[in-house]
Structures are given as structure tokens and as C-alpha cells.
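> Swiss-Prot feature annotations, pasted as is:
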type    : residues                                                                 : note
BINDING : Ala6, Tyr7, Ser8, Gly9, Gly10, Leu11, Asp12, Thr13, Ser14, Ala33, Gly114 : ATP binding site
BINDING : Tyr84, Ser89, Asn120, Arg124, Ser173, Ser182, Glu258, Tyr270             : L-citrulline binding site
BINDING : Thr116, Asn120, Asp121                                                   : L-aspartate binding site
Amino acid sequence: MKIVLAYSGGLDTSIILKWLKETYRAEVIAFTADIGQGEEVEEAREKALRTGASKAIALDLKEEFVRDFVFPMMRAGAVYEGYYLLGTSIARPLIAKHLVRIAEEEGAEAIAHGATGKGNDQVRFELTAYALKPDIKVIAPWREWSFQGRKEMIAYAEAHGIPVPVTQEKPYSMDANLLHISYEGGVLEDPWAEPPKGMFRMTQDPEEAPDAPEYVEVEFFEGDPVAVNGERLSPAALLQRLNEIGGRHGVGRVDIVENRFVGMKSRGVYETPGGTILYHARRAVESLTLDREVLHQRDMLSPKYAELVYYGFWYAPEREALQAYFDHVARSVTGVARLKLYKGNVYVVGRKAPKSLYRQDLVSFDEAGGYDQKDAEGFIKIQALRLRVRALVEREGHGA
């Protein structure tokens, strides 16, 4: 049997690699995706080979990640439950897509992942896998093995020659990519406890951020960001640049309790500096270029799209149908937003667009601009008709 494993290089997936070989008598191919997590991917590849993988594949997927997954999601204005910009959720279908592709190319019968049986990631990986290859076998060791805790896993690692880090384990789990870093579990499981001050990696503590604000301009073309401060950049380079700018000003920290797809609530702490800047910049340009009813309709549909991404339905027909709508709407989003960053805050201070629907002559108190204020009286009376009828009916009812 041949299995392709999503391999991070950490202790858990190294244990899984050995466990798969023993339990399934299988040849294991390790696949590591570089999506900007900041870890040495080549080291992970070499470690996989030392741990027993027959082959180790490492791919730089940063550009594909941002171009084909993050930017389409951003065109939809997707935010889960009002705060979460979906940094972990959007990475899983990309990883699973390549797991399936490699399995097909290598003639593997199964894929495997290291997601636990309590979280969302198991669903995201597997929904993608089954959507792309309905007959694929998916192995989820956390749902199968008998380890009762961390001590048993470490004992297994030591018995099988898997290096165990000598540094003290972090009191929380962490997942990173080019869009964000997430922190969960451990000391964060108490929703009343403030996150440890030294936990954050992408962002400066807002209290210690520079005392002078920094201005940044983001240019959009047909829905996607293309330049920062006048410099055109590739999708991954643009997001990285905004991460650096936003990070030094403490932008993009979020601490929430969210509803997992599997039914439980969990606390997540996130850093999304570049994504937060892009969210505000996009809305600033949209305020000029989108028709009122289109904007309102888009905002009604965005939460459903965000839910689909969060749950793992990236390759579902309903997500693809919504994407076609959002892509059509985004074609008019061309312009520039100017933002001021200061101690964790993002302030929109300017916006412009070549096809702006904002007409200064219409809103000016000094110019008529073709708008006859007398017309407002009839407009108001028509809008008030149903309200007046309701009031009259209620009054007659009371009189009876």
C-alpha cells in the first residue's frame, strides 16, 4: 500500500509517518506545502526521509495560495462570524488538492492528514479530497490510534528514534501561513484568560508600536490588489509587504470564540495584518464603485460564502456559484485606497476610483448638480405610504 501524508515536519506528523508504516505496512510519501508558514521546508523534507518516508515532496505554493484561494475569497468580502478572516480555512483545500494530485501521480491508494477528530481541519481536508477524487481513501490517525495523551506519543517517538524537541512545549498550538497565524488550545482554552504577551509572532504589541502613524496606499484592479504605495507586486509579495507594514503597527489581532462545524465552540486568537489592511482598503474602493443595491446584496451573501469556506466546502457547487457572482461584482472594483495605521488601528483616510459613482456635485450643499430638492417630498410620501396605512389601520382598530 502507498500513502501520501500531509507532512509539516513537526512531532505529530513525524509520529504519524512511523505509525502509518507500522499499522498499514505501507510505503509513505511525505508532502510538505510551503504556504508562507515561515518554517524551513527543506528541513521538513529531509526529516521526513530520515523518519522513514520513501519519498519527500516539498512545493512552494505561496503564489498559488494567494492568487487562487486568498484573493478569490477576498473578492467575496468573506468574514466568518464578524471577525475571522479565514486564514486557516482557506489553506486546507489547497493542501488537500495537491495531496490528491500527488496520490494520483504516485499511484497511491490513500492520503493521510494530521488533523484531530475534534476540529474543523479534518472536515476541510476530506471534503476537498472526496470532491476531487470520490474513490480516494483518507486515513486520519487521530481518529484511529490508541494514544491517550502527549506522554504516550513522546514515548512512541523515543522508541522509534523520532527526535523530540528538548525545548519546553508551547502552552498553545499554532498554525501559520502567509495570510495569518492562529493560536488555539492550552492556556487559551479559558475564554477569560488574556493571551500571553509574548505569544504573537506577526505583529508588534500595539502598545509598543511606533508613536507616529504610517500611511499606505493599496491599488486594486478589477477586484484584486495589484500595488502597494505605487509598486506593483505579485499576489504573494503584495500580501507579504502588507504583513510587514501592518505587523510593525500591531494591526490585525483578533481574539474570538467561534462555532466549529463539528458543533463545539472554541477560542481562537489570530494575527492577520496584511489581510486586515486589504479588507479595509477593498471596502473603501467598493464604497465608490459599487451600486448601493449590489453592495447590500453582496453583503447579504458574504456570510454564507464565509461559512462555506470555514466548513470546508471550497469545491462545492454552491461556493462556485457564489464565486461567479462575487467575481462579476468585483470587476468594477478598480481604484486606490489610502489608509493610516496607528497602534493596532486601520483608518481609511482617502479613496479614489476612475469610475467612481460618487458625484461631488450631487452631494454638495453649494451646488444643485441636477438634483431638485423639491423632488424629495414626493419620494418621501411614496416611501411613507405603507407606514401611514398601518398607522391608520391600528388607530381604527383601537377605536373599535
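Every residue gets a Cβ built from N, Cα and C, even glycine.
Not measured: the values here are computed from a predicted model.
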> Looking at the binding-site residues Gly10, Asp12, Ser14, Gly114, Thr116, which has the shortest Cα distance to Tyr84 (L-citrulline binding site)?
Thr116
> Starting from the L-aspartate site formed by Thr116, Asn120, Asp121, give every other residue of that chain whose CB sits within 8 Å of the mean position of their CB atoms, in sequence order.
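Result: Ala115, Lys118, Gly119, Gln122, Val123, Arg124.
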> Taking the Cβ of Tyr84 (L-citrulline binding site) as the centre, how many other Cβ atoms fall within a 10 Å radius?
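That number is 21.
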> What is the number of other Cβ atoms found within 10 Å of the Cβ of Asp121 (L-aspartate binding site)?
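Within a 10 Å radius of the Cβ of Asp121 (L-aspartate binding site) lie 22 other Cβ atoms.
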> If you count Cβ atoms within 10 Å of the Cβ of Arg124 (L-citrulline binding site), leaving out that atom itself, what do you get?
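I get 27 for this one.
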> Given the binding-site residues Asn120, Arg124, Ser173, find the one whose Cα is closest in space to the Cα of Asp12 (ATP binding site).
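So, of the listed binding-site residues, the one sitting closest to Asp12 (ATP binding site) is Ser173.
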> Does Ser14 (ATP binding site) have same-chain partners at least 6 apart in sequence with Cβ under 8 Å from its own Cβ, and which are they?
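When sequence neighbours closer than 6 are ignored, Ser14 (ATP binding site) has Tyr7, Lys47, Ala48, Thr51, Ala157, Ile162, Pro163 within Cβ distance under 8 Å.
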> Taking the Cβ of Ser8 (ATP binding site) as the centre, count every other Cβ atom within 10 Å, in any protein chain shown.
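Around Ser8 (ATP binding site), other Cβ atoms within 10 Å: 21.
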